[in-house]
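Trainee: From TrEMBL, for reference:
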type     : residues           : note
DOMAIN   : 1-59               : domain 'TRAM'
BINDING  : 282, 311, 332, 380 : S-adenosyl-L-methionine binding site
ACT_SITE : 407                : active site, nucleophile
ACT_SITE : 407                : active site
Ligand code: SAH
């Protein structure tokens, strides 16, 4: 019987979904923050639950062979990256294992997966950052939420973000200080400035800044615009987003353009895309091209197909498909993203793609009632996976191929199982590392009707 506050020696064998090391003592699993597979460690059990315990690291007796020096000084506290001390090679192995195990365990599908496609340089890959702003001893701090809390870790630079962020943080802090801008307090719900959101086009080099505020306007807006545009001539858009609600959702629904346009443009797979503040755009553009190439290869279009792109965002996959398909139908429930998708079709002189603003769980069943017959269906849902109504309707549509793009192996496995039971066979499982140094992993799966 293990007890709370006792010290145990444990060999770490695995990682949890949150990136904690897992090791067993007398068959009882302990989750230990700050450890990685291969570590031999002395740990203290802080909290005992029914089937596992939370423990903290007391001493690293023998470090894992996969251990590396973290490139980030904040990695102990910041909730962003979880696996900075695990070598990149070992991270990739871990992700392969996670995908394989999850698809077997939850999906009951025994299919070899293809080795994950990793990055050459697994840093500075993100094109989007959302920094909470807080106060520490009267000074504004900009950074990230601490792991498991809403305390802010003040940071100067984030190694997975574009270097632009480092500079804009400095500029914004100076503006806050000089104009005594009040900072939002989650507890009292008072104060103005809440979040700094940045987007950067890796190919276009365009930049967008969104300032989320609890109110209508910022002090000395004209001066702020001058400061930013003089220091950063690539900034094409500065937007004020109003969020006066007590919520963890970062952005409110209303935007006001402070400078430039209400969007940023980037290029991906030789197509140009405009991206609005509220629209989704994959955060790792280098790996996204690799991911989308996989989608193109798996769909293997010949030219006479109708393709349905469910959860299409700003139309990235749709427009890629439209280059070869006869017709593409995209559906997405963020109105601004659908507007972007329509304009993106025009930007790229694509006339065989149509976009609908609707909930997939409403739109796809309607399409099935209309007896539409797409040959290929691509789905790229959020983390919670596809609604069962969507899967059911896809089965009724009866496409030859389904390509499933997923950022969550658990819901992917659940949905694959559903489709497998309805006569779709998994042909290819291809993980892609879109999120180096974190526990997250993207997958593309090809299924065909048997
Ligand atoms: N395929 C796109 C977007 C994928 S992200 C790309 O690669 O860029 C998932 C998208 O699904 C987001 O744009 C989100 O707004 C949208 N979404 C979430 N729930 C939805 C629903 N119930 N119906 C339609 N779209 C939804």
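From the backbone N, Cα and C atoms, a Cβ is placed for every residue, glycine too.
How buried are the listed features, and what sits near them?
Mentor: Around the Cβ of residue 282 (S-adenosyl-L-methionine binding site), the number of neighbouring Cβ atoms within 10 Å comes to 21. Reduced to three states, the DSSP call for residue 282 (S-adenosyl-L-methionine binding site) is coil.
Within the same chain, the residues at least 6 positions away from residue 407 (active site, nucleophile) whose Cβ sits under 8 Å from its Cβ are 382, 383, 434, 440, 441, 442, listed in sequence order. Residue 407 (active site, nucleophile) falls within neither a helix nor a strand when secondary structure is assigned with DSSP, and so counts as coil.
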Trainee: Pick from 332, 380: which of these binding-site residues has the biggest number of other Cβ atoms within 10 Å of its Cβ?
Mentor: 332
Trainee: How far apart, in Å, are the two Cα atoms that lie farthest from each other among 282, 311, 332, 380, the residues recorded as binding S-adenosyl-L-methionine?
Mentor: 15
Trainee: According to DSSP, folded down to helix, strand and coil, what is residue 311 (S-adenosyl-L-methionine binding site)?
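Mentor: Going by the DSSP assignment, residue 311 (S-adenosyl-L-methionine binding site) belongs to neither helix nor strand, so it counts as coil.
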Trainee: So what sits near residue 311 (S-adenosyl-L-methionine binding site) in its own chain, CB-to-CB under 8 Å and at least six residues off in sequence?
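Mentor: Spatial neighbours, sequence-distant, of residue 311 (S-adenosyl-L-methionine binding site): 331, 332, 360, 379, 380, 381, 382.
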Trainee: Specify all same-chain residues, apart from the site residues 282, 311, 332, 380, whose Cβ lies within 8 angstroms of the center of the Cβ atoms of the S-adenosyl-L-methionine site, ordered by sequence.
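Mentor: Neighbours within 8 Å of the Cβ centroid, excluding 282, 311, 332, 380: 280, 309, 312, 313, 316, 317, 381, 405.
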Trainee: Restricting to the domain 'TRAM' (1-59), what is the model's mean pLDDT?
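Mentor: Mean model confidence (pLDDT) across the domain 'TRAM' (1-59) is 96.
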